[in-house]
Amino acid sequence: MVQDWAAITSERVNKVVEFVVAGLMLALVLDVWLGVVDRYYFRWQLPWPETLARYLMIWAAMLAVSSGIARRDHIGLTAFVMIFPFSIRRLVLIAVDVLSLALFLYVAWYGIAFAQSGAPRHAMIFGMSLAPFYAAIPVSAALCSVQLVLVLLRDLGGHLDKPVFSEPVLEDAQ
């Protein structure tokens, strides 16, 4: 069944993303720790920990968005959606997912040009192009698009039928 395949694929992609984000966060913590030790104890005057921390945080935060989508933990329009009758609520949820997908595809498409604009620019501290750092935008937007398609297929607009945060939703026909 397509829903089962989408659920399994979404979970697998999410596990990989969470592993990468955890690695980035570990590197970020070690980098910040090195910066503090450098500044207050050894006074090595290392020029790169602050800049590296910035780019690690950008990548980690941008990639983590897809994890929120996979778990449906992101900020939603639940109050808005719940004002609709139960009979059309699924259509509204699917429409919200499709609009979100359109937004992420737009960001991915225009993010490619943004990342390419970073190619001629150089991070003097690292002596390398800024393109890998700018690529966080289109890569994460593309990943979010993939996750949105997968959760759309998995849930088919039914993810608020049994919310984990409240009583089960009863049909409005009562």
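Cβ coordinates are placed from backbone N, Cα and C, and glycine is handled just like the others.
Annotation source TrEMBL lists transmembrane segment at 16-36 (among others).
According to TrEMBL, the feature domain 'Tripartite ATP-independent periplasmic transporters DctQ component' maps to 32-156.
According to TrEMBL, the feature transmembrane segment maps to 52-70 (among others). Using a Cβ-Cβ cut-off under 8 Å and counting only residues 6 or more beyond its ends in the same chain, the transmembrane segment (52-70) has close neighbours at 10-11, 13-14, 17-18, 20-21, 24-25, 27-28, 31-32, 35, 126, 133, 136-137, 139-140, 143-144, 146-148, 150-151.
What TrEMBL records for 91-112 (among others) is transmembrane segment.
Tertiary proximity for the transmembrane segment (132-153) is limited to same-chain residues at least six positions away from its ends with a CB under 8 Å from its CB atoms, namely 2-3, 5-7, 9-10, 13-14, 17, 55, 58-59, 62-63, 65-66, 69-70, 72, 94, 97-98, 100-101, 104-105, 107-109, 111-112, 114-115, 117-118, 123, 159. What TrEMBL lists as transmembrane segment is 132-153 (among others).
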Intrachain residues whose Cβ lies under 8 Å of the transmembrane segment (91-112), provided they are six or more past its termini: 76-77, 81, 84, 137-138, 141-142, 144-145, 148-149, 151-152, 155-160
